[in-house]
Each structure stands twice: as structure tokens, then as C-alpha cells.
Amino acid sequence: MKICVLPGDGIGPEIMDQTLRVLEALRGDGVNFEAEFALVGGAAVDATGSPLPEATVKLADEADALLLGAVGGPKWDNYPRDQRPERGLLGIRKQLELFANLRPAILYPELANASSLKPEIVSGLDILIVRELTGDIYFGQPRGIREENGERVGFNTMIYSESEIRRIGKVAFEAARKRDKKLCSVDKMNVLETTQLWRDVMIELSADYPDVELSHMLVDNAAMQLVRAPKQFDVMVTGNMFGDILSDEASMLTGSIGMLPSASLNAAGKGMYEPSHGSAPDIAGKDIANPLATMLSAAMMLRYSFNLETQAARIETAVKKVLAAGYRTGDIYEPGTRRVGTKEMGDAVIAAL
Ligand SMILES: NC(=O)c1ccc[n+]([C@@H]2O[C@H](COP(=O)([O-])OP(=O)(O)OC[C@H]3O[C@@H](n4cnc5c(N)ncnc54)[C@H](O)[C@@H]3O)[C@@H](O)[C@H]2O)c1
Ligand SMILES: CC(C)[C@H](C(=O)O)[C@@H](O)C(=O)O
Ligand SMILES: [Mg+2]
């Protein structure tokens, strides 16, 4: 098991340290991994001038799976665009064709009061957002800022081919088939042709999945429904940009973005696993970040990349146990619970294992 470890920036290294300790604690249980550290994001820009150095691409190619912390931060905000840390992350996703981003939003019962919504609206919440990750306005050409009629004009291109929509659609239908068999495809077909095609292809695909109930929702309504009545959703499938926004929104239903893991998979089943949140510059270096999303991402890695279901479930059970025992980082803290730092949370999860 060769894992390419990409701690990245901000809280990235802190949450990664604790996650690697958790994986280390599972070594005796068949998690025989070899960690190869590589640079990405701002850390890579500082060391090499590039957010995605050749050496990182090589290690990523050779590894069986990748585990990433987070990239970015104010330090690099005014760097030229090709030196922005986020380009490193987008570069790896594109390089490895990690088109299927799975972002599960699950409410642990102990966090019902940490959710932004009333407990009765979110209790039992279990949604899977399937986000397309290598297309859309994130990658479409042309893009840029140009001079036109004496002023600057910014432009990006929202573009999806039929084959790109079909392959993410299949992932979503298959996922729904294994769950409650309900798939909601989110688009903006009332305005955007790209997403008219998205809807058409989803409808065509649904003929192959008669057991899955397909519905469609415009993205503005979906954003509203997620906070009105989130339990109406089982699996949601959407494009890169809408999925980015909706998954951050969904994270707050679970109490904190520090709880939301993710897996990004390619057609060969290779995956990169990362929390859905960013580098949290406002709390970096203080040992207060929530490492659970990264640990839960590592659990997804054991499940999807290495078929180690029992060991993945052990991490998830340990997380449930520490929450039940009252351990909380600041983002999910409420009176009556026990506030801990990043490392203490790591200790608690390892003890629970
Ligand atoms: N996958 C990634 O690497 C990724 C994802 C999102 C944003 N980013 C980058 O991160 C930088 C900061 O972006 P942002 O502030 O918009 O989003 P962010 O997700 O980093 O932070 C948003 C808020 O959530 C909090 N938060 C995030 N993760 C947390 C955790 N594990 N525990 C406790 N609190 C947590 C932060 O403190 C902050 O208040 C930017 O450079 C952005 O591009 C990277
Ligand atoms: C950092 C950024 C490029 C990234 C994205 O937009 O995909 C992040 O927000 C995410 O959700 O993983
Ligand atoms: Mg995001």
C-alpha cells in the first residue's frame, strides 16, 4: 500500500499528522502502508516555484492512493495565477482524471445541536453529494482577463461533453442503487445550455437504472431545499462548481465543515482522499483544527482504494465513540462537552480504536 501524502498548507500538516497516527495505529490490523511525502500548493510554491512540482506528479502516479490535507492561504493570494496553491490541487485532480468526487454529509447524532438547523430537521441526515471534478467552468477554455473597449473583461467557459456527464452520472446512479435509490440531479437548465445537456444525458442514462428514482432540481432551489428539508435528498449529482458550493452548504448541516470527508476517484478506481474544507488560515498553527474530516477521508481511502472495509469501519466507529464520549474541537464545541485540540482529538480517536 503506497500512499502519497500531501499535507499542503495552513491546517493541512496538523490534521495530516493526526490522521497518519490513526493509520499507524491500524498497522497491526493489516494496514501495511508506506507513506511517501510530497509537496503541493503554497508549500510547493515556496520550495520549488510551482504549486505542482514534477516530483509530486511522479509520486502521485506511482502511488496506490493519495491523502491530501488542504492548500492555499493569504500568503499566496497575490501570486500570479499559475503559481496559486489551488492550481496544484486542480492540477493533480486533472492529471489523475479524478472526475468523481464523493462528499458524504452525515449527521452524527451527538452533533445534532451543532448543526445550523433544528435537530428535528437534520436528525438522521445522510446525503451523498456526487460532484463532477475535472470539468465545468473550473477548466473550460477560453478563460482569462482581457482588455475590451477600454476596460477589463473577465471570462470563463462552462463546458461539459456528453461523455463527461455520462461517466459522472453512472457513478451517481450506481451509488444511489446501493443506498435509498433516489437520485437528484442539480442543474441550471433554465439558463445554461451546458446544464440543459447535463439534464438530457441524466434522463437518457436513467433508462439503464429503472430501479433508481431520478429527479431534477435547479441549483438555486437545491440550495434552499438543503436548508429547508435536507432529508428529502439521498444522492445528489451535479457539476464541479455547483457541487463545490452545495457541499460546503451541506457540511454545516452536519455541524461543521471539519466533519466532511471526500473521495475523488478516477475510472481505474485510483483515488485521492481529502477533507472538503480548506487550509483554514484563521486557525492554522494553533492546534485547534478539527482533524475528523481528514481521518474520515482516510477511512474512505481504506474502503475504496484498499478494500479494507473492516478497518475503515473501525475508524468511523472510533470517531462515533469520541463524539459520544464528549470530545469536541472548537468548531463543534457546545457547553457540557469537552473541548480538545487537534492532537488531543488524535489521542482520543487512537484510544477509541
Ligand atoms: N481542498 C482544499 O485544499 C481547499 C478547499 C477549500 C478552500 N481551500 C483554500 O483554503 C484557503 C482558505 O479558504 P476559506 O477560508 O474560504 O475556506 P476554509 O474551508 O479553509 O475555511 C472556512 C472556515 O471554516 C473553518 N474550518 C475549515 N476547516 C476546519 C477544520 N478542520 N476545523 C475547524 N474549522 C475549520 C475555518 O477556520 C474558516 O473559518 C483558500 O486559499 C482556499 O482556496 C482549499
Ligand atoms: C481550493 C479549491 C480549488 C477547491 C475547489 O473549488 O474544488 C475547494 O474549494 C474544494 O472544495 O475542494
Ligand atoms: Mg470547496
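Each position is counted from 1, following the chain as shown.
Glycine is no exception: its Cβ is also placed from the backbone N, Cα and C atoms.
Residues annotated as domain 'Isopropylmalate dehydrogenase-like' in TrEMBL: 2-349. Mean predicted confidence for the domain 'Isopropylmalate dehydrogenase-like' (2-349): the pLDDT average there is 97.
Residues or ranges marked as NAD(+) binding site in TrEMBL: 73-86, 278-290. According to its DSSP assignment, ALA280 (NAD(+) binding site) is coil. With a cut-off of 8 Å between CB atoms and residues at least 6 apart in sequence, the same chain places GLY10, ILE11, ALA70, ALA289 near ALA280 (NAD(+) binding site), listed in sequence order.
TrEMBL lists ARG93, ARG103, ARG131, ASP220 with the feature substrate binding site. The C-beta environment of ARG93 (substrate binding site), restricted to residues of the same chain at least 6 apart in sequence and closer than 8 Å, consists of LEU133, THR134, SER264, MET272.
Secondary structure from DSSP puts TYR138 (site 'Important for catalysis') in a helix. TrEMBL lists TYR138 (among others) with the feature site 'Important for catalysis'.
Residues or ranges marked as site 'Important for catalysis' by TrEMBL: LYS188 (among others). Following the DSSP three-state reduction, the secondary structure of LYS188 (site 'Important for catalysis') is coil.
Under the three-state DSSP scheme, ASP248 (Mg(2+) binding site) falls in the helix class. ASP248 (Mg(2+) binding site) counts 15 other C-beta atoms within 10 Å of its own C-beta, drawing on all protein chains shown. Residues annotated as Mg(2+) binding site in TrEMBL: ASP220, ASP244, ASP248.
Ligand 1 lies within reach of ALA280 from the binding-site residues ASP244, ASP248, ALA280, judged by a C-beta closer than 6 angstroms to any of its atoms. GLY73 (NAD(+) binding site) counts 22 other C-beta atoms within 10 Å of its own C-beta, drawing on all protein chains shown. Each residue in VAL219, ALA223, MET241, PHE242, GLY243, ILE245, LEU246, SER247, GLU249 lies on the same chain as ASP220, ASP244, ASP248 and has a C-beta within 8 Å of the C-beta centroid of that Mg(2+) site, without being one of the site residues. Ranked by how many other Cβ atoms sit within 10 Å of their Cβ, the recorded positions ARG81, ARG103, ARG131, LYS188 place ARG81 at the bottom. In the vicinity of ligand 3, defined as a Cβ distance under 6 Å, the following of the binding-site residues GLY73, PRO85, ARG103, ASP244, ALA280, ILE288 are placed: ASP244.
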